[in-house]
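Summarising the annotation, TrEMBL assigns domain 'ABC transmembrane type-1' to 1-260, 594-868. The annotation domain 'ABC transporter' is assigned in TrEMBL to 292-516, 914-1148. Annotated region 'Disordered' per TrEMBL: 521-543, in sequence order. Marked as transmembrane segment by TrEMBL: 16-36, 89-111, 117-137, 196-223, 584-602, 638-659, 736-756, 827-847.
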Amino acid sequence: MITLCENHSDLHWKGYGYAIALLAVVVLQTLVHQLYQRFNMLTAVKIKTAAVGLIYKKALSLANSSRRKYTTGEIVNLMSADAQQLMELTVNLNLLWSAPFQILMAIVFLWQELGPSVLAGVAVLVLVIPINAFVAAKVKQLRKRQMKNTDQRVKLLNEILHGIKILKLYAWEPSYQKKVVEIREREIDVLKSSGYLTTFSMLTLTCIPFMVSLATFGVYFLLDEENVLTATKVFTSISLFNILRLPLFDLPTVISAVAQTKVSLGRLEDFLYSEDLDPQDIDTNYSGNHAVGFIGASFRWEKTGPSILNNLNMKIPEGSLVAVVGQVGSGKSSLISAILGEMNKFEGTVQRKGSVAYVSQQAWIQNTILQENILFGSGLNRPYYERVLEACALLPDLEQLPNGDQTEIGERGVNISGGQKQRVSLARAVYSNADLYLLDDPLSAVDVHVGKHLFETLIGPSGLLKNKTRILVTHNLTLLPQTDVIIVLEGGRIAHMGTYQELLSERANFAELLQVFSTENKSEETPQMKMSSLKRESQKGNTLPQKELLGHKESSSFEQTKAFSMKKENVATGSMTLSVILKYLQAFGWLWVWLTLAAYLGQNAVAIGQNLWLSTWSAAEEKNKDHTEWKHLRNNKLGVYGLLGFIQGLLVCYGAYVLTRGSLCASRTLHNHMLANVLHLPLQYFETNPVGQIINRFTKDMFIVDLRFHYYLRTWLNCTLDVIGTILIIMSASPLFILVVIPLGYLYFIIQRYYIASSRQIRRLAGASHSPVISHFSETLLGLSTIRAFGHQERFVRQNKDVVNENLVCFYNNVISNRWLAVRLEFLGNLMVFFAALFAVLAGNTMNSSTVGLSISYALNITQTLNFWVRKACEIETNGVSIERVCEYEKMDKEAPWIMSKRPPMGWPNKGIIEFINYQARYRTDLGLALQDVSFQTHSKEKVGIVGRTGAGKSTLTNCLFRIIERAGGKIIIDGIDISTIGLHDLRGNLNIIPQDPVLFSGTLQSNLDPIGKYSDHELWEAVELCDLKNFVQSLPKKLLHEISEGGENLSVGQRQLVCLARALLRKTKILILDEATASVDMETDNLVQSTIRKEFHNCTVLTIAHRLHTIMDSERVLVLGSGRIIEFDTPHNLLLQQGVFSKMVSEAGITQDTNNS
């Protein structure tokens, strides 16, 4: 085209031919490129899906040693971040060969224009590559550090969210918030370093094309005095240098992506090579006459770890009921794990016959409807299903649940009580109709009558499972006479084994053990089952007629609390509001915003100036015939061209630096605000929303805020200025162009609006469909041993495929919508090129060749720029969704302030007098009252027992004391202060509670006892000694600094319970609430806990929520609740004489009255 304009003699038709040829070439390029992109994206997503599937499959077969090495947070991160990294590399992988190929082609064409002087430009390119390689290597190192920090942060957040109730009750949120912020600051430091490296690579990137052209033109003049720069040479070269720019930009990006992916692949490889369970450990093909056999078998948890079970020899006959007893930490649960093949066997043989059903000590419940939890993948056999529900005492519970067995159970079973979880878990095992039942202390979480009912109708000699082999771990020794075989474990060995009679006659210490137990419980006629029901138990159905039971139901607080099932993630709709962008810019800092704008305007103005300079230079050169004057001018012109390039480089560098600083400010501010907002949410929010949703905000959405969003903003700004500059230049060359710009601009606008609306929504759906993938994965990791015991790995792999597929549907639509956009936008851009060429032909002699060159080379650039511009505008909109999600916790209802201006005096409460005055409370505004007109007052240092049937409001009462639920009327006064007038932390920090669930966090034992670092080592050792843990802690190599694994997995449940007691002993406050917590400990430990509490808290007011009546028979007064009201409140002696509700409950529990009066 330029040559045509230089030789005006040629005919017009040739010009039109060139213009049409130009259009044909660019249209063809568009179509081929988009097809390639589509295939590329689909291949990439297949690779990602394969990686996710592999990680999931591997997780199902992990050995315990590997499971301890990889926390849930780390494995989830492998699945979200590392698999994503693989996909991102695959998308760009072809650039590894296509970029060098493009560079080579450009150099060949340049040689034709400028001859050997091109080599000078190539030399500059070659020099820059090692610099970029160095930057990429550095980025790889930083990425490794970044991943480590992110893993730590996600792991800590995961634990905080799962243990949020403890954090709130103990007012520990600030100290855990501080821990998260510390890790986050380390992340920001790494981000800062990589941001500065990016600034440096931006500098080299912008300066490359200009340095290359400077070197090439300079050498071109030096090679031959006669060389002249014509418009043809200048603009063809400039176009070719622009072609060079993209592959040069992509190459380092791909190289650093390869480096990052190498890190991810390393992490994936480590995980996939980690140790699996060895299925050969257990001989399951055995066909003898016993169900389970151990011959000289010894086990440990890890290959290099200490031996846990030693030299086990036993044979369990088919169809027998075997009880496993022993003290806390003697290896009872380990024995069950050994039979399941969950432990590492290093000697001996294990034989096991038939299919297995397993009930774990801490029930694992899925986030699905109750019926699905019981069927667990089997078909529905209605009559048998009804029998199972009846045997597991679940019928009364179904009456209370809003949708019966179709009620959705929340994550980790948050909306049902502990006893209900345990019975659902038991029902799941019974329904599977297996040959061998392994029951790890399932009766500890249920009420006395229910325990008795379960034993009689299910586990015992006349129960539903009477013909099956049952191995029952229990702390309840009254069941032993009804078992066929008893195994007594001591320190990981079988101390005694035989029938009840054999052990009584032969083993003195077994009889002694029973003696201790029976003196404790001689007042009880019924088997004493221990009970730690979480929240509310609904087990009264066995002692009350059905009609009466339903009568009790109307205002049950159980119904109130739990009527809300898990909420699906909300998907925002409509366009992203300006307020979201403003929020980001506010967090970014207005100073940085203005400085960024100034830097980018400057660099674009200089870039246009550079090209205009070339244009006037080549025009002058054509006219100039005097060589000596020209040489003198030429050196000046080259100098000015170089200076402009240098200024542009500086401005780019400055712009990138300013942007990095601002984006780090935004990252820090948004993360810390979100963390503070989440920790201020009321407890009910966490009980009704899956943790996966919140974690998703802290991982995926924060990743976009940290690394992506500011990059999109920068690119969009650059493209906007580019487009404006291009249109101005073409219009200055041919003013007629404005006639084309207006309709094309309008079409652009319409296409963009149409695309952004759909694309944004598709993105939102993809974001929301990603949460179930993470939730399902986390859930699987929690229930690994249950899934493996039932042999349902394949079914869970299929479920994982289903949730991933759902996510892929949204992703596929996203890919295709991008291709749709690209084809249309590029076609419009191609039309712009065509019209720029057409107007040049039409202008004929009126336009000089250098102007034509300038306008067409800019028009050729605009296609990519416009495409990029709309894409980035859309990226800003769709990724703005992440900022929207990060900020959405701001608008939610929060708890009352932690600290208020009115603060209680030091040492409050000093007497411990609690007074309820006409107190009313409800769980939600649309539900009835859970507590109605409750009025009572305790004395100083009084011991009060609180009893009542399920749903009576016992737990609601403690929730009100801690203001977990706010009042609907009336007030609570503690030592003269109305608790609603002080901050939550002033209240909760001065009360003490031993909750039912022993929740521990990963970290040291010391940090679990005292996360705030308030107590001395001496005080910690004192507390540990009082809880009978001193010997255990001293036997640990690191003593108090012993590392506790996630959720306290490396301690037995009983030991966790004792650590929680020690935690309470450290808080010397005047009021203790005891939510009966001795479910997972043996009788001896139980007695120790009770006597420690009596002795250590003798000068405190103690409120005990009793599930076992004998623990509160020595209380000074007993408060009996029913349907949220106080029914009776007096001393136990007087209440027994009154023959009211309490007296009836006592006789039901089989406690004889004379023993308690004596």
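Note: Cβ is positioned from N, Cα and C throughout, glycine not excepted.
Fair warning: this is a prediction, and the values are worked out from it, not measured in the lab.
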For the transmembrane segment (638-659), distant same-chain residues with Cβ under 8 A (at least six beyond the ends): 196, 198-200, 202-203, 205-207, 210-211, 214, 217-218, 221, 592, 595-596, 599-600, 602-603, 606-607, 609-610, 613-614, 617, 710, 713-714
Segment confidence, the domain 'ABC transporter' (914-1148), expressed as mean pLDDT: 82
Which of 292-516, 594-868, 914-1148 contacts the domain 'ABC transmembrane type-1' (1-260) most, counting Cβ pairs under 8 Å: 594-868
Distal contacts, the transmembrane segment (736-756) - CB-CB under 8 A, six or more residues away: 575, 727, 730, 817, 820-821, 824-825, 828, 831-832, 835-836, 839, 842, 855, 866, 870, 873-874, 877
